[in-house]
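For reference, TrEMBL has these:
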TRANSMEM  A:21-46  transmembrane segment
DOMAIN    A:76-291  domain 'ABC transmembrane type-1'
TRANSMEM  A:79-101  transmembrane segment
TRANSMEM  A:113-133  transmembrane segment
TRANSMEM  A:162-187  transmembrane segment
TRANSMEM  A:208-233  transmembrane segment
TRANSMEM  A:272-292  transmembrane segment
């Protein structure tokens, strides 16, 4: 697509025709399934649909009920805590690990494999493993107590006020390996000469990382951010496997609310309202960012 | 989500093979997967296979809350099974209204179900607009308190005769390192236990006013406040249960780690499977020993409308088998539930089942919340009570206020 050098072939429509034809199915999928499904969901969120979708409009009733439901509020709060901490910790831990890895250490391959390994497990398996590890009768608590610290208490999954951190631990264990790999790839992409230059100037290593290397890795950070953020919003299976939302409703998340109300409570309208709220949340985050990143015709990086 | 679809796929693959042969395969989905339940379902399968058809088992693990969405989505998604379990009541209401379920009125008239099925409310729950859409298989009552005789012996207190005595015995049990009341973490368990408390402590009238008429004033009244106090006791006594599934909680009673459990009569199958004897090793108190009324909820089979001629025939055969006296006895003895007909011989029934049969004979029955409330209202209650049981800082008053809101908007 580099040029229009050859004159007399003006039609932009026919240029690269085969590529365009090839992408038609994907475009249809995107429009019909993603966009169509989204619009359909939003429309039906204003109805009183129960088990089956029915077009009986009730205005904003579903939303009013949603925002007066304690379980939904707890879900949102949990998602905020989980989101902020998992974003910060996986970026920081991932970057630090990658930076350490980048020091030309021995057995780098081995370490990389070890750190990346948890990512090969599904959230269900991760959740079950951590459910056992954090179980006070079989897991870490009993192991530490058996070693002599009888007063040791560590049972996040059975304590309403900190259960979300128990889930966070599992999520970090599973996800930081990937972040580390992405960061490592970014670090390897930094020209060796930059390091040499900063060494000549006598800039300490941490300063080079903070003020030179990280700004240069902006694209990698953006990619990583998108991957982590999408993982946060849709978190569901980890919670189901680890706590099923318990104790009580202390570790509920929005995606689980949507599922439970759509299918268990046979109340599609309520589920759709909740999923529309999730969509809006994502849009609020994505739109300004996308505007800054791609808008205004300005090219950065 | 992934977890569930894996189950769905597994269930589907179970159904696919074994095509050949004369017998018509009929896939039957249900959520009877604990030891006692699986044994009972085996009896139904045997009886159905004897009619020359083939029962293809589509068990879905993880209790009704997990299984029902899979069943519903298969029916609405155009991949119906041959027959499926639901709790009769309102769970399948909309499926019937949409014409996705098969009308069984013919079969019911031929089998004279109106006469033989008792109490009559069972068949009423299957009836929508004068047509019968399901075959009831058992009566399940939630209103039981199961007690471990061993646990009380160890704690040095006599086995309680009613709810009040259990509350009084709680400190002694705790001192002996026993959890007084096992309540599993799944939301429906706390919800069910609370409904049982209402019926036992506030009585039949209040129960019907709250759930039948959805009377918010009664729900906010002093009778209900009493029940919320009792729920507070139950919450305190359940501290330290740390298990999720109901059968794990029952197992705590079986092994004497817990003093008691409020659970439906399906728990009985677990006691039997463990080789325990009613009256000697464990005790049961219907209506918590206070108010001996049992609810006639239960399980029923619904039959999705199928095109296939042979399969429709097989559906009829299955419906007949389910209410057949022999199958009823064999199934219910294993399951610990009560048969849906009064004319069968249950000489082999144990102590606890006999208590249930007596109450049934006396007619002290009531419709259960599954029949009175929509799945939506039930789910809201589940959310409330699972939070209440897990969160000691929630006062009974707060819980009652939220309960009143749910009842006020219930349908």
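Just so it is clear, glycine is given a Cβ too, placed from its N, Cα and C backbone atoms.
TrEMBL labels come from automatic prediction, so no person has curated them.
If you look at the transmembrane segment (A:162-187) against the transmembrane segment (A:21-46), you find fewer than three C-beta pairs under 8 angstroms, all six or more positions apart, and that falls short of contact. Taking pairs at least six residues apart, the transmembrane segment (A:208-233) and the transmembrane segment (A:79-101) share three or more Cβ pairs below 8 Å and count as touching.
Spatially, the transmembrane segment (A:21-46) is not adjacent to the transmembrane segment (A:113-133); fewer than three Cβ-Cβ distances between them are under 8 Å for residues at least 6 apart in sequence.
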